[in-house]
Amino acid sequence: MSVKISRSVYADMFGPTTGDRVRLADTDLIIEVEKDFTTYGEEVKFGGGKVIRDGMGQSQVTNKDGAADTVITNALIVDHWGIVKADVAIKAGMISAIGKAGNPDIQPGVDIIIGPGTDVIAGEGKILTAGGFDSHIHFICPQQIEHALMSGVTTMLGGGTGPSHGTFATTCTPGPWHIGRMIQSFDAFPVNLGISGKGNAALPGALIEMVEGGACALKLHEDWGTTPAAIDNCLTVADDHDVQVMIHSDTLNESGFVEDTIKAFKGRTIHAFHTEGAGGGHAPDIIKVAGLENVLPSSTNPTRPFTRNTIDEHLDMLMVCHHLDPSIAEDLAFAESRIRKETIAAEDILHDLGALSMMSSDSQAMGRLGEVIIRTWQTADKMKKQRGSLSQDSARNDNFRVKRYIAKYTINPAIAHGVSKLIGSVETGKMADLVLWSPAFFGVKPDCIVKAGMIVAAPMGDPNASIPTPQPVHYQPMFGAYGRALTASSVVFTSQAAAAGHLARDLGIAKALYPVSNVRGGISKKSMIHNDATPNIEVDPETYEVRADGELLTCAPAEVLPMAQRYFMY
């Protein structure tokens, strides 16, 4: 017997379905469900008097014979490839299926089997995304990692050794000894981690030593001397070992101008950090590289989006992070040369055009690692308010814009750093690094963070209460963040040379090493999903005005942002 119910009642019970629209947090961004993989009348839902019970939605199939370990039911998946409603199966820590869950003995169209050995995470009315990937981390303190995780970031890549002055300023872990000690420390943290070695050297020996010692990338930073010779040598070593190179170029233009740096690239693939330039790079025109085919450009989040406070806060940040003295005129001039409202405004628009491909933090070194996701969506919202709907979107929804922006902190950094076969999207065969959000809190405060199929963090009420919801509610690590479950549910990214050797044995680590691959000639700007635009970018050296294909890129700073004080006390 069938019964008709209204869309609103259906959405309240099973979550939105095809054609329903959902607002993201308190932004103006609206998504519309493109497809529903579940079957009307055969939806599965857990709870008293609900469907997932023995002989009903739960079959007798064992896990060995194909039942899922976990099913996330009726979730609204938001990813670069689509915005769809589906059940998601997790098996052995990997996403094993996206489709319709249930009991195939009595239900039609079941491609995810629920058995006695299957747990359930209720996704009704929730949004499901891939865990975030922050590819610009200064490992200044270990407490960063918990803050990032609680924001929805499950993978972090960067450099450093702790609160040394080299780490305060540069995203580099120098030398195999430091790299080894950092990798040993990674056994304590329930996220995927990777180390970038110092790439500043004119001869290859020391760089090869770091790559073989466990670095999964090399970082060129101006504070260590990003000369054309160092750039060329670093890229040569990277080509030989299939690791990525990230660059923070020469703000002072001492060893050359942006054209000299581009020449040193020799057309080779490189990840350009804080491409706008406030975080560092040839003043005033490093932003030009965002239009090159071989450059994978990213932003750091303190300039995201351009607001009335952006300029003022940057000078103090820069002084602290780069060991500058405000009483020295040259240091002050160095700082002021990097902070330009014209290029920061253009950065907003270049993100909206898909010319800037990735978002990252620059953690504690002119960036806030707990705000990568928030600031991505604040930028998207600001651009919708100021520029209207994208041509690829309809009047009903912002689906393409949302796919463009979510790719900036999920799949694109995974592609850029050679790990997209394992992480970066909600797709079968990938590690189940997933984040559930209530739509009203999307991008701000996750409901649940899953790492390799196990809940690793969530908001949790008073542990002494009779139910899990009473105040005070805090984000807390869960069982997936402890013991051997932690090391079994996350990996360390390394070079192929390190993974093929005896590094894991020599360091005595419990986490698996995962070798990065296909980060050199096999990828380019065209590999950046929804963010592959290559406009010709020009910067006026006197006014700092930015033009893309001849069009002036400018916008007003935001006075008010969504996803801000409505959600936080401070």
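Cβ coordinates are placed from backbone N, Cα and C, and glycine is handled just like the others.
Under the heading active site, proton donor, Swiss-Prot lists H322. The annotation Ni(2+) 1 binding site is assigned in Swiss-Prot to H136, H138, K219, D362 on the grounds of sequence analysis. According to Swiss-Prot, the feature Ni(2+) 2 binding site maps to K219, H248, H274. According to Swiss-Prot, the feature substrate binding site maps to H221. The annotation domain 'Urease' is assigned in Swiss-Prot to 131-570. Among the features that Swiss-Prot reports, N6-carboxylysine is placed at K219, with the record citing sequence analysis.
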Cβ neighbour count (within 10 Å, all chains shown) around the residue listed as 'active site, proton donor':
21
Where among the binding-site residues H136, K219, H248 do you find the Cβ with the fewest other Cβ atoms within 10 Å?
H248
Neighbouring C-beta atoms (10 Å sphere around the C-beta of H221 (substrate binding site)):
24
What does the structure give for the C-alpha distance between H136 (Ni(2+) 1 binding site) and H274 (Ni(2+) 2 binding site)? Integer Å is fine.
9
Reported mean pLDDT - the domain 'Urease' (131-570):
96
So which recorded positions are near D362 (Ni(2+) 1 binding site), with CA atoms within 10 Å, out of H221, H274, H322?
H274
For H138 (Ni(2+) 1 binding site): intrachain residues, at least 6 apart, with Cβ closer than 8 Å:
G158, G159, G160, T167, F168, T170, T171, D362, S363, Q364, A365
What other residues of the same chain, not counting K219, H248, H274, have a CB atom within 8 A of the CB centroid of the Ni(2+) 2 site?
H136, T170, T171, L220, H221, M246, I247, S249, A272, F273, G279, G280, G281
Anything within 10 Å of K219 (Ni(2+) 1 binding site)? Look among the recorded positions H248, H274, H322, comparing CA atoms, and list what you find.
H248
Can you grab the distance from the residue listed as 'active site, proton donor' over to H248 (Ni(2+) 2 binding site)? Cα atoms, rounded to a whole Å.
13
To the nearest whole angstrom, what is the C-alpha distance linking H221 (substrate binding site) and H248 (Ni(2+) 2 binding site)?
5
Quick one: which residues besides H136, H138, K219, D362 have a Cβ within 8 Å of the Ni(2+) 1 site's Cβ centroid, in sequence order?
I137, G158, G159, T170, T171, M246, H248, F273, T300, S360, S361, S363, A365, G367
Run through the Cβ atoms and count how many others sit within 10 Å of the one on D362 (Ni(2+) 1 binding site).
29
If I restrict to non-local contacts, at least six residues apart, and a C-beta distance under 8 angstroms, what lies near H274 (Ni(2+) 2 binding site) in its own chain?
H136, H248, G280, G281, S298, S299, T300, T303, D362, M366
